[in-house]
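Trainee: Here's the feature list from TrEMBL:
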ACT_SITE  H150  active site
ACT_SITE  E254  active site
BINDING   R61, Q79, R84  substrate binding site
Amino acid sequence: MAGLTTDQSSGQKYVVLKSAEGTTAEIFLHGAHVTSWKTVSGEEVLFVSKQAVYKPPKAIRGGIPVCFPQFGGFGPLSQHGFARNSEFAVTDSAADSVTLSLTPSKDQLQLFPHPFELKVKVDVGNDVLEQTLTATNTGSKAFELTAALHTYFSISSIDKARVDGLSGVDYLDSLQDKRRLTENGASVRFGGEVDRIYLATPSRLEVVDEGRGRAVVVEKQGFPDAVVWNPWVDKAAGMGDFGDDEYKEMVCLEPAVAGSGPVTLQPGATWTAKQTLSLRQL
C-alpha cells in the first residue's frame, strides 16, 4: 500500500510511490498533482518551481497539473477548470500505484452543473510513469469537456531542448489569437515565448534534452492534441509563483483535448485518456 505523508511546510498530504526497480513518484491529494518522478538512479524528470505555493486552492506551479473539466479558456470556467484546485480522495493504492477520485462540490456544481466522477490513476515502473484519467458522467444530461495533463519537464537549458514529433502538424498559436499555422520545423525549438496547441498529433512525442543526453518519450491515448509551452522572460517575471529565470529550466508538453474540439460525455458514459512517460538515451 502507498502511504500518506504530510508535507511539513504546508501541511498538505501526498502519496509516495516506489516501483520494484526503484522509480519513485509523489502525488499530492490537492489536485491529484504529481510533483515528482525520479528515475531508478534518482534523477528528477519533472520541473517544479522553487516559488511554487502549496496552499489550497492555489494550484502547484510545476509537476503535472490536471486540467479538468476544462483546458485553458475552452469553456465558461476559469482557466484550466477546477480539478487542479480541488482535494481528491485516495480510493485505491499499492506500493507502485494509486487511484485518486474527485466528485464536484455544491459550489462547483453551481459553476458546472454536471455531476461526474473523475479518477486519476498513477503507476510507476522501471523508469516509467503512467497517468490515466477516467471521467464518468453521473448526471442525467450530456456535457462537454476539455482536458489536459499540463506536464512540466525539467531540462538542462532551454537552448538545448526541443520537442520532436510535430513536424508538419497544424497548431493554434495562442500568442496570435489562436491563428492556425503549420509546424514547418523538424523540431520545435525555443528562442522566445511559445504557447501552441498542436492538433491531431501523433501518439508518440519526445522532449529531447541535448544537455542531459536523454529524451522523455510521451505516449498518449485519448488526447488528440498536444500543447507546447514556455513562458519566456516577460511572462516568467509576471508570475508570482515562478522564478524570473526558471523558464530556462522547463518545457511543458501537455497531452490535451483542446483545439480539436470537446468530448461529449453522455449520461452514464465514461471517457478515458492517459499518458505514459519513459526515457530514451541519446
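Glycine is no exception: its Cβ is also placed from the backbone N, Cα and C atoms.
As the structure is a computational prediction, the values presented were derived from the model and not from experiment.
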Trainee: If the substrate binders are R61, Q79, R84 per the record, what's the largest distance between their Cα atoms, in Å?
Mentor: 14
Trainee: Give me the Cα-Cα distance between R84 (substrate binding site) and E254 (active site), rounded to a whole Å.
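Mentor: So the Cα of E254 (active site) lies 15 Å away from that of R84 (substrate binding site).
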Trainee: If you count the C-beta atoms lying within 10 Å of each candidate's C-beta, which of the recorded positions R84, H150 ends up with the smallest number?
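Mentor: Ranked by other Cβ atoms within 10 Å, the recorded positions R84, H150 bottom out at R84.
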Trainee: Relative to the mean position of the Cβ atoms of R61, Q79, R84, the recorded substrate site, which additional same-chain residues have Cβ within 8 Å?
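Mentor: Near the substrate site, beyond R61, Q79, R84, sit A59, I60, P65, C67, H80, N85, H150.
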Trainee: Quick check on the recorded positions R61, Q79, E254: which one has the highest count of other Cβ atoms within 10 Å of its Cβ?
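Mentor: The residue with the densest Cβ neighbourhood is E254.
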Trainee: Find the shortest Cα-Cα separation between H150 (active site) and the recorded positions R61, Q79, E254, and name the residue that gives it.
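Mentor: Result for H150 (active site): the nearest of the recorded positions is E254.
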Trainee: Determine, to the nearest whole angstrom, how far the Cα atom of R61 (substrate binding site) is from the Cα atom of E254 (active site).
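Mentor: If we compare the Cα positions of R61 (substrate binding site) and E254 (active site), the gap is 14 Å.
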Trainee: Per DSSP, R61 (substrate binding site) is which: helix, strand or coil?
Mentor: coil
Trainee: In whole Å, note down how far the CA of E254 (active site) lies from the CA of Q79 (substrate binding site).
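Mentor: Each residue's Cα considered, Q79 (substrate binding site) and E254 (active site) end up 15 Å apart.
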